[in-house]
Ligand SMILES: Nc1ncnc2c1ncn2[C@@H]1O[C@H](COP(=O)(O)OP(=O)(O)O)[C@@H](O)[C@H]1O
Ligand SMILES: [Mg+2]
């Protein structure tokens, strides 16, 4: 009989199944091990960052129902470090074992249109947007939203992939064609008004099966080439905006009934906050918590998924997280010589351009209290 973490905590020694083999799964597995759990990773990738530090790995496609069946029989709870899993696979898992967060959360977060519709439905503002399924839709949407705008695939985009900016002279047909391959897989796109933001922030909130919740401090994110470059905390925003940001993340987690983590990315504009996107899992903009908080995002994630009491998210230090992208990771020896730096590498063999190889957290005593 499988265990239901809603009713009682999953005891140490149990096995947590994690879907996805990337660095988020790796750091979650390390946090799970610290609490005495075993971890079984499900990923199509051989020698994945997560499997390197876990007890077991199933290497199979995300739609391999037979492999999923075997996997769920060997674990006590299932969670995700990657949310683009076929619905059928998740349904299959949920028949055998608790899945945290549940399918409806993934379904909302997998698709930018669903995501924005959800935010708007609970009174959270986003950039103006239109779902677009054809070139005609796109022309119409550009008329309604105006230029500049951004055309994105509704599904499967990350790190700026699957996005085209529509400037004053961009031919809609060319933009539509440029997104072609992404749209073949995803079917639908979304056109968003381009936001001339003051900056970008995010909030990560944890929510337990009993509705208990805890948020990490809002952080300031700077992207380079559409990939997160640095996260800084405290964020240079007013206390009132901080409260609004935490409220947005909490309301979204509550409305979705998330059990686990929810990260919400937002644009800071002169007229207030706009929600950009969300992820129901640990998030790159939460890596700073590993060295600057009493409980970090990965432990908090494991606690929520296993039905344990949530930890204290309090920040004891100021921090700057810098992603090590591609060849940046070659600096590992110099980083290790810096007394304010804590180095985290993900065990990836090949440093391809644009690939997240690790991150470094630089820590200073807390300045704002
Ligand atoms: N509507 C927009 N207006 C201005 N900048 C945007 C807009 N949408 C995305 N961006 C920029 O592109 C980055 C990546 O887009 P995002 O929607 O977060 O997709 P992903 O992170 O999945 O690639 C954002 O963090 C932001 O810097
Ligand atoms: Mg993003």
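One is the number of the first residue shown, and numbering goes on along the chain from there.
Glycine is treated like the rest: Cβ placed from N, Cα and C.
The feature ATP binding site is assigned by TrEMBL to 112, 152, 157-163, 192-195, 200, 223, 276-277. Residues annotated as domain 'ATP-grasp' in TrEMBL: 116-306.
In sequence order, 129, 152, 153, 154, 155, 157, 190, 277 constitute the residues six or more apart from residue 112 (ATP binding site) in its chain with CB-CB distances below 8 Å.
In this structure, residue 276 (ATP binding site) is part of a beta strand by DSSP. Taken together, the residues in the domain 'ATP-grasp' (116-306) have a mean pLDDT of 94 on the 0 to 100 scale. Of all the binding-site residues listed here (161, 192, 195, 276), it is 161 whose C-beta has the fewest other C-beta atoms within 10 angstroms.
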